[in-house]
Structure formats: C-alpha cells, structure tokens
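One structure below.
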Amino acid sequence: MSKASALLAGLTGAALVAAHGHVSHIVVNGVYYRNYDPTTDWYQPNPPTVIGWTAADQDNGFVEPNSFGTPDIICHKSATPGGGHATVAAGDKINIVWTPEWPESHIGPVIDYLAACNGDCETVDKSSLRWFKIDGAGYDKAAGRWAADALRANGNSWLVQIPSDLKAGNYVLRHEIIALHGAQSPNGAQAYPQCINLRVTGGGSNLPSGVAGTSLYKATDPGILFNPYVSSPDYTVPGPALIAGAASSIAQSTSVATATGTATVPGGGGANPTATTTAATSAAPSTTLRTTTTSAAQTTAPPSGDVQTKYGQCGGNGWTGPTVCAPGSSCSVLNEWYSQCL
C-alpha cells in the first residue's frame, strides 16, 4: 500500500480507531525528547528527526506471540532506526511516557533492555543487536498489582535507570509492555516494544552479554501463555535474566521537563535544550501537550448507541461497557473474562 493510500485509510478511520499506545516522549535530567509517533509521522513525507525508531504500527497495535521469532519483535513491526539519539549519563534515570492512557484492562509486565550498537545506532542492523535486561517487573504480590498498573498510576509513565557502571557508547533502549488480558489463550498475549537511541557517557567498563531480539521470547513461555485472572498469581517475567546488580524496577516517580531537546544526529548535533514553560511530565498524571485531532467524513453510518473502538474491550464476565464494535472490527471472545474488538 502506498503512503497516499494509507493516509486516506488512516484519515477515514481516525475518528473511530483508538488502540493501545506508544511512547510519546522521554524526560531525562529535565529535558524533554520527542519520540516517533506512528499515528502521524509515518504519513508525513518529511517527518521530524527523532530519537525513537520508526515502526509500522499506525494503529498503536502490538506484536503477537506467533511473530516472536521474527524481526517484528525486536523494535515493533517493520521497525527502522531513529535518525538521532539523546545523550544520557550512566546512572541517569529516564522517564518514559506513553500515550494515550494505557488501558486498565491491559495488565502485564513492563520490561527494559539495552543493546550496544558498536557504532552509530542510527544505521545499525537490528538483527545484530544483542539485548540485556536492565529491569523487568511483573506482578507485585505485596501491592496486589501488575507493573502496567504501576505505570498507569505513575502518570502513564515508567522510570528506568541506566546502569551506573555501563560502558560508555551508543545503545538502543528497548522498552516494552506485554499485555496479558488475553494470554490465557495461545497467541493471546500482546507485546508493545518501543526502541529509543541513546548515547551513554561516563560509566565504567561493564558491557553485559545479550541475546538476539528474535530469541527473547517464545509463544509458549510461562510468562507469555499465562492466566492472569487467578488470585495473587505466581508470574515469571519472560525473557533472559536480569543483569547482575539490576533490580526488577526502581521506585517510580514522574519527571518535570524544564527544557526541550532535539535528537542529535551522527556527526552533528541537536539544538541546545530550550526552556519551556509547560511541564512535559509532573507528579501523576499531568502531562500537557498540544494535540490536533482530524476527523474525516463518515462514508458509512456508524452503529447507534455506545460503540467500542478497535482493540477495546467489548465483553467478558462483569463487563458493563459497550458491546458493539466500530466498523471494520468485531467482538471476539478471548476468554470468559475478556472479549475484544478485533
């Protein structure tokens, strides 16, 4: 499909389709960096140069377990490297902010990996990247909630720390939520990998070994094929073990942006951060960003009454919300607790 055709299709469904989400930006040391926006940037002939990887997830969709052995699981569907990077120091904390609000029903783990690029990340072959896990939070029995719940409570954001002893160099940060609301059934889990280019300064000499992205998970792993609806579940976060000295997560908080940065391109530089009067993030949840919504004319009459958007919940035990799906999708039963517009 050409981009022109895809743009027409995207605009036609813009008022109806609202899937799960993507990372909108990061905040590090008070500086806001814009990420790739698959819902708008993909359609632009000259999209902005950003730190995030380009991916063909215009519907804010996911990678299914049947594709975990393919390159799509590395940095999302048909992903290509971002055109620039952000500079951080070893030991820095990065606030990763999602949009739109992560669905309450989409419970599951939050996982972060790094991979050394051994050169410019902007031109790296994604199949050559070897990923090591720097955090991975699943179900917290003491708190009685999933990591995705903690992300929602933290202003729809996640705080991750770059290892303080990490060797300086260029790295890709792979941040991911795995939604388990349909994981009781084969091929029911939903992975949302997001990749961001970083240049890490300072640090030490630690460069952990890693695994290829296509080897991170299997569709039958205990943390992928899993019933999350049991009381106080015993859950194993999928993927390789955490690197030595890493914790499953750090204490979560949001970060206030006091300046706006731009992506640095190889051999050049991004603009110096400029002060901003609007906080990109603040204590839960008050991200303030200007957005523009375009609604295309309806070519067919929508169903009457409450209509659930594509990928939204449309049924399940105790469900009292919409049961009619937007045009182009139908209500599919994933298990007795959850039905989804697909």
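Numbers run from 1 along the shown chain.
Glycine is no exception: its Cβ is also placed from the backbone N, Cα and C atoms.
Annotated Cu(2+) binding site per Swiss-Prot: H20, H106, Y192, in sequence order, evidence recorded as similarity to another entry. Here the Cβ of H106 (Cu(2+) binding site) has 24 other Cβ atoms within 10 Å, regardless of which shown protein chain they belong to.
Taking the Cβ of Q190 (O2 binding site) as centre and 10 Å as the limit, one finds 23 other Cβ atoms among all the protein chains shown. Marked as O2 binding site by Swiss-Prot: H181, Q190.
What Swiss-Prot records for 263-308 is region 'Disordered'.
Sequence annotations record features per position, and here Swiss-Prot assigns compositional bias 'Low complexity' to 272-305.
Annotated domain 'CBM1' per Swiss-Prot: 306-342, in sequence order, evidence recorded as sequence analysis.
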The one of H20, H181 whose CB sees the fewest other CB atoms within 10 Å, among these binding-site residues: H20
Residue among binding-site residues H20, H106, Y192 with Cα closest to the Cα of H181 (O2 binding site): H106
